[in-house]
Amino acid sequence: MYNPTVARLTYRALLGRRRALILFLLPGMLLLISAAVRGFNGADDQVAADVLGGFALATMVPLIGVIAGTGAIGPEIDDGSIVYLLSKPVKRPTIIFTKLIVAIAVTMVFSAVPTLIAGFILNGNGQQVAVAYTVAALVASITYSALFLLLGTVSRHAVVIGLVYALVWEALFGSLIAGAKTLSVQQWALALAEKVTGDGLVTSEVALPTASILLIAVTVAATWFAGHKLRTLKLAGEE
Amino acid sequence: MSTDTSKAAPDTTRIHNIGYRSYDGPRLGRAYARRSLFSQSLRGAYGLGRSAKSKVLPMLLFAVMCVPALIIVAVAVVTKQSKLSIEYTQYALFLQVVISIYLASQAPQSVSRDLRFRTVPLYFSRPIERVDYVLAKFGAMASALFVLTASPLLILWIGSMLAKMDFVEQSKMFGQGLVSVALLSLLFGGIGLVMAALTPRRGFGVAAVIAVFTISYGAVSTLMGIAYATENEGAIQWLGLFSPMTLIDGVQTAFLGAPTGFPDGGGPGAGVGVVYLLVVLALVAGSYGILMRRYRKVGL
């Protein structure tokens, strides 16, 4: 199911040259903000939870997910070079699975690790806040990667659609309409974070069993559908 | 054998006149080429002259920009309000996500494809210079953004006339709003094009543009909130210098009589406002400079 050559090519496409700069921009910003907050404010568990929840999990993880998830396959489909990969005797689901693993790894490294460091800067992991949000970021990375990888195979505007989902649906509708929160990867991941801290600092709208089932279901379904989509891929001409 | 043909050559070789003629019509020149590039880029930013699929997104975003204005106007006319429920200058601030998404989707289509398919050298085989290409692309992107941000203001202004509000006051505020969105269009267009011109891959361009706008705004408003909570009010007005949206917010608070989006009305006064204006102008000039540098050597 895992093809090292495809993985190596995908790593190169994602992290090659200047592209990695975008990926370093966000974690750098998070660490900067955490340091500033600690400097201004001192250690405070509630503030730490707010910064990690509001900036790290709500903004940074989805954005990194969009960049890594769609970036793993989108540009190749976009410029047509995917045909060279598809013409090799490698199963399409294998390609998707390999690219998913790479996307997950990149998203985890660039989102969960900075979240953990930021948590330690903010309040030295008081009340397990840092660990809780790191767990949430890890789990969210998997589902976001699968979701956005699927988007990359479905549409040419994958990045825009992914951003609209991440910024408009999760941030805007999630705060306005209660029902939208049930259908949000962020809330599912928060359900796990809630379990880790165990008191009122982190709250989720979704119960843990529901959240875990939805997380797994969405990841598996998205991966399967992306593999299916790649089997019947039509290369569109340039607009 | 070979000597044979070379001897025979002078007799059998003919140059036939098959009627090629040189072009002696009017040469439309550099200004015309620049105008064409500008109008083609501006139309392209709304998907005109491109496939039906690529019209969907810009038109949808344009509609999303205008619908709230229509609703506000409808409410104002029906309930006979004496003033609109939103300031002209605030409108772009509220819908900044839409503006960023529009810019992120259209700036790369304007420049990235030329880079990726190496068509830039073809442009320069026409009688245009580097400065014409950059100016046309920059102007087109800024104009497209101006159309996007000024149209809802126009709707609001017409609506305020329909609702029989004070003409002079409304027109003055409308004018202030137009100045603000013109500055915003120049600033956003410049930054967006610079980010997009860095990569020939459209997808990464989109991500880079949106990351710069969203992250800088998110970071600045978070830091402002913290500065406010920790009673560092002096720091708030300087923090606004670090994101495009708060820059515009600061300028219009200082000079265009706009209510500020900074926490607790802590927007800059006229003195600090000058700094804001200078930074905005420097960024516009800077993005022009970077684009000029970017196209010094390209695609060959």
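Glycine residues also receive a Cβ, built from the backbone N, Cα and C atoms like all the rest.
Copied over from TrEMBL:
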type     : residues  : note
TRANSMEM : A:20-40   : transmembrane segment
TRANSMEM : A:52-74   : transmembrane segment
TRANSMEM : A:95-122  : transmembrane segment
TRANSMEM : A:128-151 : transmembrane segment
TRANSMEM : A:158-180 : transmembrane segment
TRANSMEM : A:206-226 : transmembrane segment
Review point. Does the chain bring the transmembrane segment (A:128-151) near the transmembrane segment (A:206-226), so that three or more CB pairs sit under 8 Å (pairs 6 or more apart in sequence)?
Key: yes
**Study point:** Residue numbers, six or more beyond the limits of the transmembrane segment (A:95-122), whose CB comes under 8 Å of its CB atoms
**Key:** 1-3, 6-7, 10-11, 14-15, 23-24, 26-27, 30-31, 33-35, 37-38, 43, 47-48, 51-52, 56-57, 60-61, 64-65, 68-69, 71-73, 85-86, 129-131, 133-134, 137-138, 140-142, 144-146, 148-149, 153, 223, 226-227, 230
**Study point:** the transmembrane segment (A:158-180) in contact with the transmembrane segment (A:52-74), cutoff 8 A, at least 3 CB pairs, sep 6+
**Key:** yes
